[in-house]
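Peer 1: In case it's useful when we look at the structure, here is the feature table from TrEMBL:
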DOMAIN    61-124  domain 'PA'
TRANSMEM  149-168  transmembrane segment
TRANSMEM  196-219  transmembrane segment
TRANSMEM  265-291  transmembrane segment
TRANSMEM  303-326  transmembrane segment
TRANSMEM  332-349  transmembrane segment
Amino acid sequence: VNAQEGILHASGNGIPPLTKDYCVRYNPSWVSLPNTLDNIASSSLENLTSKVFCSNSEVPSTLVIKDKAVVVMRGNCSFVDKARTAQSHGAKMLLIASKTGLVSNKTDVQNVTIPVALVRYNDIMDMQQTLGARINVTLYSPSLPEFDYSMVVIFLIAVLTVALGGYWSGVSELEDLKAVASPEDRETRRKKEENVTFTPLTVIIFVSCVILLGLLLLYDVFFVFITPFITKNGESIMIEVAAGPFGNSEKLPVVIRVPRLEYSALALCGMPFSLLGFGDIIVPGLLVAYCRRFDIQTRSSSVYYVSCTIAYAVGMVLTFVVLALMKMGQPALLYLVPCTLLTSSLVAWRRKEMKKFWQGSSYQMMEHLDYTANEESTTTASEQSGEQ
């Protein structure tokens with residue numbers, strides 16, 4: 001079913017009149033909806049949720065619904081049957097209230113000339129409680145914005161977090177190197193190393209970054225692109241987890257959520273935020289942090305760190321471009337992983353440091369062993385001089 005989101009604009013008869021918007025689903029191949037509320041006449045709403053309008057026999061002869069918007073319950077018949085019944089009695093608009101979510105049924109248009117939309121039953125109840133008994137409604141479907149400025153906020157948060165986190169990861173490494181160069185600080189450094197606790201950030205190497213990024217990329221692509229073909233509702237499991245269950249206010253703290261700055265049916269119909277998963281920041285951030293530490297160890301003027309950070313920013317831009325073109329959620333790692341891994345590998349290859357960059361733990365261990373051996377040699381020489 002070619003169902004799209006639209007907006008039901010409802011207004012009461014108070015002074016000034018209260019207004020409220022509700023999410024609906026409609027089939028644009030039946031009747032197209034206007035993009036704005038300009039020059040659109042509203043219709044009086046007739047609440048007939050006690051009926052399903054599957055046939056003309058359900059409509060009392062005394063009921064007058066000419067030029068009105070009618071709301072009925074979903075029932076077991078097709079939307080076309082309901083639309084025909086409402087249309088034959090002069091209704092201007094048909095709203096179908098559903099208690100099971102906004103999922104359309106599979107029917108083909110046959111001489112239907114009035115707008116037909118699916119609305120939540122709870123929204124009809126809220127409409128009556130908020131706006132009163134006399135309600136005027138109209139349907140419209142604003143065009144989806146090509147670009148939402150909330151993406152700029154997410155871009156800045158992600159890139160700054162990765163850049164600052166990667167830079168900070170090299171601070172302790174730089175302090176250790178300075179301590180080694182200063183003889184009076186060696187004893188302090190030795191005592192510090194006796195109580196050091198190794199974290200994943202301090203032992204990360206390029207090969208582990210490749211494994212982590214590769215596995216997470218496969219995981220991300222599977223749950224975004226493959227799971228819609230095996231779930232009953234055709235929705236992506238990744239998007240369901242990130243956005244939260246339908247009709248449930250409980251959200252899992254696994255994403256950065258920035259409110260959409262452009263008003264649209266999408267913002268009203270359950271996705272009012274632009275989302276970016278923590279994994280899209282943390283795991284590529286490990287690679288950026290490793291590049292920063294490798295720069296310090298090899299004294300390479302931050303070429304790896306800067307290149308990888310720029311590559312991460314380019315990957316984020318590609319994600320947003322594809323998101324705007326395809327109008328559907330994208331796994332950011334699909335673009336971040338190739339950009340960061342290929343860029344850092346290319347820099348290492350151009351500098352003829354690929355082996356050293358790939359096996360980062362080797363040069364770190366050798367430097368530590370050389371430092372220990374030098375200290376032992378110095379101590380032995382001092383003892384021999386003392387004996388003489």
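Start at 1 and count along the chain as shown; that gives each residue its number.
Heads up, the Cβ atoms here are built off N, Cα and C, so glycines get one too.
Set these features in their place in the structure for me.
Peer 2: If one looks beyond the transmembrane segment (303-326) by at least 6 residues along the same chain, the residues whose Cβ comes under 8 Å of a Cβ in the stretch are 146-147, 151, 155, 158-159, 162-163, 166-167, 170, 284, 287-288, 291-292, 294-295, 332, 334-340, 342-344, 347-348, 351, 357.
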Peer 1: Given a Cβ distance threshold of under 8 angstroms, which distant residues of the chain, six or more beyond its ends, lie next to the transmembrane segment (149-168)?
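Peer 2: Hits for the transmembrane segment (149-168): 256, 258-262, 273-274, 276, 280-281, 284-285, 288-289, 291-292, 305, 308-309, 312-313, 316-317, 320, 323.
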Peer 1: Average the pLDDT scores across the domain 'PA' (61-124) and report the rounded value.
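Peer 2: Across the domain 'PA' (61-124), the average pLDDT comes out at 82.
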